Amino acid sequence: MKPINVGLLGIGTVGGGTYTVLTRNQEGNRAPCRPPNCHHARRDRNLELARKVTGGQIDVTDDAFAVVVRPRHRHRGRIDRRIHHRARTGYEGDRERQARVAANKALMLAWQRDFRRVAQQKGVIVAFEAAVAGGIPIIKAVAAGAGRQPSSRVLRAIINGTTNFILSEMREKGLAFADVLKEAQPRLCEATRPSTSRAWTAHKLMILAAIGFGIPMQFDKAYVEGISKLDALDIRYAEELGYRQAAWHAPSAPARGVELARAPDPDPRETPDRQCQRRHNAVLVSDACRSHLVYRPDACRRHASAVVADIVDGTRTAYHRRAPAVPHLLSSPTSSWTCRFAIGEVSSAYYLRLRAVDKPGRDGHVTRILATGSLHRCDDSEGNRRQAERRRSGRHHHPDHVTVEKNMDDAIVAIEALPAISGSVTRLRMEELSR
């Protein structure tokens, strides 16, 4: 076998891990990949760091195009997040008939049509296993096995290790969001840019939905909601009700379209994915027979395994001269699925927390508003004692039956207008696998 040469664009966390795995396993598994020729193109262009990681064993340069047009390179790992610069190198690589392995989700969304067109013309692979869920091989699993099945709930994912870490700290230590965020910022890069982290998570969600349902990648159709307004009280109350707070990102397929939501949801503690805590990721796939598969690796590890998996696939394709097993980005122009446009059309049960003063008829007014909107208050028999304690402190929470979100929005506006209610109402969606 003639070895395959690999060029890495970026050698930070992901790129460095990829280099280490390829170099370490070269002799052990006899993989037909030579140690990668590395290009370091991070914003700081820190070539000294690149030389330190590689130990001076490979060529290092700060010119991305020198790696792209190098005839020896059959594979390119693309790690840097500078979108337009990487798009240019992507075009050049496709023209040079190089297989491209990308960990850059924003790049896949922003330039998907152009990359797909050029890649198909040149007959090269565009692989992006590492772009979702921190190294879980979920793209191959969904594309080859569980995707496009007529299930009401196909994919649910915890695909932001930083968010999951913050929620775990809030639950275990009872800290406020701002305190945990400040503690996490020196250690976790995504914690320093919360708004960017939310966008990255929505990118991952959109990729999963596109693969699962064969829809075009429509990032502007994804609903994104952070956890900054979540209080430690909500996490504690969820535990008392038998739920555990998680930042679920769930593309689902009801009859009218595909729902896309990135939002914090209380989830029953007995579900198979509830052991995913701290910086771990998890993806849960439900099939048409209501069975559940959970993919749950350690998100603290490098994405290298996912990048290397794509490189190995590309190597097999090159030697056997067959078409790629995973179609480029998997969006079908003839797909009948559409993204549902408004979050107000989503159906869910809801948890409400509100602060109220002690006035006669207070609970009756709230119940009447919920009943007017065809909403039903659910009493928690096991939590009656705790509810009594919360009534004395002026805090209530009401788990409700399934309803359309726009009805709940109207009810919340009416509840907040009551004289006995102080401040705004906290609302969380409560999801269960049986729905």
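Here, residue 1 is simply the first one shown, and the rest follow in order.
Note: Cβ is positioned from N, Cα and C throughout, glycine not excepted.
Under the heading NADPH binding site, Swiss-Prot lists Thr13, Val14, Arg43, Lys105, citing similarity to another entry as support.
In the three-state DSSP classification, Val14 (NADPH binding site) falls within a helix. Among the features that Swiss-Prot reports, NADP(+) binding site is placed at Val14, Arg43, Lys105.
For Val14, the entry in Swiss-Prot reads NAD(+) binding site, with the evidence type similarity to another entry.
Annotated Na(+) binding site per Swiss-Prot: Glu129, Val132, Gly134, Ile136, in sequence order.
Following the DSSP three-state reduction, the secondary structure of Lys204 (active site, proton donor) is helix. Every protein chain considered, the tally of other Cβ atoms within 10 Å of the Cβ of Lys204 (active site, proton donor) stands at 24. Residues or ranges marked as active site, proton donor in Swiss-Prot: Lys204.
Sequence annotations record features per position, and here Swiss-Prot assigns region 'Disordered' to 255-274 (among others).
Annotation source Swiss-Prot lists compositional bias 'Basic and acidic residues' at 262-274 (among others).
Here Swiss-Prot flags 377-402 (among others) as region 'Disordered'.
Annotation comment: Swiss-Prot describes 377-391 (among others) as compositional bias 'Basic and acidic residues'.
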Lys204 (active site, proton donor) to Val14 (NADPH binding site) - Cα separation in whole Å: 16
